[in-house]
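Taken verbatim from Swiss-Prot:
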TOPO_DOM  1-6  topological domain 'Cytoplasmic'
TRANSMEM  7-27  transmembrane segment
CARBOHYD  Asn58  N-linked glycosylation site
INTRAMEM  95-111  intramembrane segment
TRANSMEM  120-140  transmembrane segment
TOPO_DOM  141-170  topological domain 'Cytoplasmic'
TRANSMEM  171-191  transmembrane segment
INTRAMEM  208-224  intramembrane segment
TRANSMEM  244-264  transmembrane segment
TOPO_DOM  265-1001  topological domain 'Cytoplasmic'
MOD_RES   Ser332  phosphoserine
MOD_RES   Ser373  phosphoserine
MOD_RES   Ser562  phosphoserine
MOD_RES   Ser565  phosphoserine
REGION    591-668  region 'Disordered'
MOD_RES   Ser685  phosphoserine
MOD_RES   Ser691  phosphoserine
MOD_RES   Ser715  phosphoserine
REGION    768-795  region 'Disordered'
REGION    830-1001  region 'Disordered'
COMPBIAS  832-841  compositional bias 'Low complexity'
COMPBIAS  855-873  compositional bias 'Polar residues'
COMPBIAS  911-926  compositional bias 'Low complexity'
COMPBIAS  961-983  compositional bias 'Polar residues'
COMPBIAS  984-1001  compositional bias 'Low complexity'
Amino acid sequence: MSPNRWILLLIFYISYLMFGAAIYYHIEHGEEKISRAEQRKAQIAINEYLLEELGDKNTTTQDEILQRISDYCDKPVTLPPTYDDTPYTWTFYHAFFFAFTVCSTVGYGNISPTTFAGRMIMIAYSVIGIPVNGILFAGLGEYFGRTFEAIYRRYKKYKMSTDMHYVPPQLGLITTVVIALIPGIALFLLLPSWVFTYFENWPYSISLYYSYVTTTTIGFGDYVPTFGANQPKEFGGWFVVYQIFVIVWFIFSLGYLVMIMTFITRGLQSKKLAYLEQQLSSNLKATQNRIWSGVTKDVGYLRRMLNELYILKVKPVYTDVDIAYTLPRSNSCPDLSMYRVEPAPIPSRKRAFSVCADMVAAQREAGMVHANSDTELSKLDREKTFETAEAYRQTTDLLAKVVNALATVKPPPAEQEDAALYGGYHGFSDSQILASEWSFSTVNEFTSPRRPRARACSDFNLEAPRWQSERPLRSSHNEWTWSGDNQQIQEAFNQRYKGQQRANGAANSTMVHLEPDALEEQLKKQSPGAGRVKKFSMPDGLRRLFPFQKKRPSQDLERKLSVVSVPEGVISQQARSPLDYYSNTVTAASSQSYLRNGRGPPPPFESNGSLASGGGGLTNMGFQMEDGATPPSALGGGAYQRKAAAGKRRRESIYTQNQAPSARRGSMYPPTAHALAQMQMRRGSLATSGSGSAAMAAVAARRGSLFPATASASSLTSAPRRSSIFSVTSEKDMNVLEQTTIADLIRALEVVHTHAVLDEQQQAAAAGGAAGGGGISRGSRKQRKMGNAGLEPPQLPPILSLFAGDQTRTLQAAAANRLYARRSTIVGISPTGGAATAPAARSLLEPPPSYTERAANQSQITAGPSNAPTVQSKFRRRFSVRPTALQIPPGQAPPPGASLMEQSSQTALQRRLSLRPSPLARELSPTSPPGGSGSALPAGAIDESGGTSAQRLLPLPAGTRPSTSSTHSPLSRIVQISQAQRKSSMPSAAATGSSGAPAEK
């Protein structure tokens, strides 16, 4: 605080004291006048009474008696004088002194408020005066401290200037306080005591005592200056100076005391003292930890000593055997007889994985003896065990209490404690990581008491339950395969088996498997116009633009049934043979159920789709024909048959109602029967009348499949449909998921990817070839215009986009040729011809060509009279699959001496997938000049036809063709046989292609 600010604060403080003195003087001085008048009257009355009683005495005796009474009572009883010149106690100076003692918290107590108003005003007055007094004295102490330090620095400077060898001493806390106290004691205690002795007539010791009590704000109040009755008369004007001296001395002595306390506070904040404090606190904590750890260790020692000294010296007496040990069951399996009315017979135990069955049987015949452990304290009978311990009879109660305490303590498992401390591997303990490997309850789920396990896994030799509605789940499948969860696959078989049973029980009944809310909506919202066929369905994006459009009651149900296109009036197939539900083998006549997020199968309607079902999924029309079933129109009932009104009321896809997009888009699901009939009528009318677009008149070419299209009722008039993996009729083909390797799966994905990218280019090539050779001009599709996009390398779509029906998948001919130079497909491509032969040609498969490194002059093969520049392209495959040494899958090896052709363990799907060439091979893409579609091409040439031809690269001649056998595929032998057969039939294929007829590639 600056000196000016402190002076201003001092002026405010003195003014505040003057204000308080005026208030107290006004209140207490008037009250003192009244009290003194009353005392005068009382003194006169007492004097008259005493003189009346002492009337028989002489005057001297009366005066002596009155003086003794006055001295004893400390109040005069003599006759008061006519004029009383005794000074008042509550003068203005004394009122100021009282206010100062209140704010400085000294509180002598010689004078105090005598009225209620004075006491209340004192409380309010001290609330403001005490803080102001503290701030003032703190600033004064800071000023004294700076002055003291300045004097000390000046002294050191003087000493260093006069003595070059002078080194200032490093003063400690105690030395600094003592040095600061010396001038304070001399200035504020010793000298003022002489003044008090002179004016108050006190001894010096009392004056020094008063000075110390006042300076330290103790303020007993037994001695107070300036309150003598004769001091004003005796000292005159010096008494006024004395009164001012008392106030000034009081202020500065308190300020110096604050300075000393500040020095002590600074010393306590030094680094050395902080270090000492830290050391002390750390030692206290360490001592506490040592005490706690020592006590804990001692408790463990005490427990061990009790066990060794007392418990082991007596014979333990156990209680009755627990009822849990008498039950005929094991800890790893539940008690199957607890919920039965009659007790089940004790079954014979069948050991699952054990080599000691004979030993256990022998021990069982001899009788099992349960050995009680000495550590199982909960089974001890406390009274019977310790009552015979004569030497330790005094400790019986103590031992009983200790045993009870130790028996109730259940320490946590060590593994969980370690996992909680160290976190395990990625925060999981060993039991959590290996939870899927346990087929029985974990350690934490056992109930006490726990019997030691004598085996790994076991099961009861119970009679297998007769399942009436589903295939039993023989075990809890925790493992996963690349084809899905075994438990979900098992549940799928159960759902299909239920459908088989329902189909056999109610052949003529109609069963609708819908969601409960959807079925309720369908029953509630029946309307007369339900049989109306919706011609157009507004997409959701456009529907949001019209939020106030009225919503039909059956709209929600129609949207749920419009996921796939369902033909109207089609009846499901006949019931097939039952499943062998005690094995994992699926028969040829069985079907696969379809799971939707674990809810069960969808409605088992029939469709030309690819998912076959026998009451639990989609039904493939082709397999009905293969099984020898009657046509759909001849069947009278099935497991599921939708009503015509309900079937027509559902929402149809915009791709089945608008035939132009449907003709261009390769969809996974076929159009409905109603839309298909309209599309056929339009195509027939356009073909006969010769009007309309050629794209709408052409047959909608669908995306190629890995499997040949099955023969169905609509196969002659529509494009082939993709078959399902579960639609095969061979017993070996049903196990394709378990026998197909990862390499075969990758090759299959490559085939689908390549064929999907080149789908439209194959159609354009077929149409272009027909136009160049004088074929059909009206019925073929229009060729797309060549744009700038064909000059850049194409961006191949991902695998997932193959099933999205993306219509923006357009690649130009030049890009397709460059793509052919990099990839190849095993799917047969339709040659230049009309749309009538496209389905038959697209379903054929061809072996892969040979991949070899050829010279530049050998790769440039020309055909035809035109000489067009050729492009040489040489590339390397950018990816590969790690080869495997397994030529035949495990467990499928034929017997010795058997032929691979006769005894082949490969499925039909694997034989088709094996035709895919090895990704490790390399190919050189030769080119040929453009030519007509009817010109014969030599082996190894490509017909580009102006950049739009889709002709495949033929294998090299036998002399230059290397072997395509690869060790990375288990189907290499079948590939060699297929290539040999193709080599023998190559001349006929070339001759057929040269004549202009469709040739198989």
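For all residues, glycine too, the Cβ spot is worked out from N, Cα and C.
Since the structure is predicted, the reported quantities are computational estimates derived from the model, not experimental observations.
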### Query
Can we call the transmembrane segment (120-140) and the transmembrane segment (171-191) in contact, meaning three or more C-beta pairs below 8 angstroms at a sequence separation of 6+?
no
### Message
Validating a neighbour-count step here. Other CB atoms within 10 A of the CB of Asn58 (N-linked glycosylation site): how many?
### Response
9
### Query
In the same chain, which residue numbers or ranges, 6 or more beyond the ends of the intramembrane segment (208-224), come under 8 angstroms Cβ to Cβ?
101, 104-110, 188-190, 192-193, 196, 200, 202, 250, 253-254, 256-257
### Task
Grab the pLDDT values for the topological domain 'Cytoplasmic' (141-170) and give me their mean, rounded.
84
### Query
What parts of the chain pack near the intramembrane segment (95-111), using Cβ distances under 8 Å and only residues at least 6 beyond its ends?
13, 16-18, 20-22, 24-25, 28-29, 89, 122, 125-126, 129-130, 132-133, 214, 217-221, 224, 226-227, 246-247, 250, 254
### Query
Which residues, given as numbers and ranges, are at least 6 beyond the ends of the topological domain 'Cytoplasmic' (141-170) yet have a Cβ under 8 Å from it?
1, 3, 6, 180, 255-263
#### Entry: Helix, strand and coil residues within the topological domain 'Cytoplasmic' (1-6) as assigned by DSSP
4 helix, 0 strand, 2 coil
### Query
In the topological domain 'Cytoplasmic' (141-170), how many residues does DSSP put in helix, strand and coil?
22 helix, 0 strand, 8 coil
### Summary
Long-range Cβ contacts under 8 Å made by the topological domain 'Cytoplasmic' (1-6), restricted to residues 6 or more beyond its ends, are 136, 138-140, 142-143
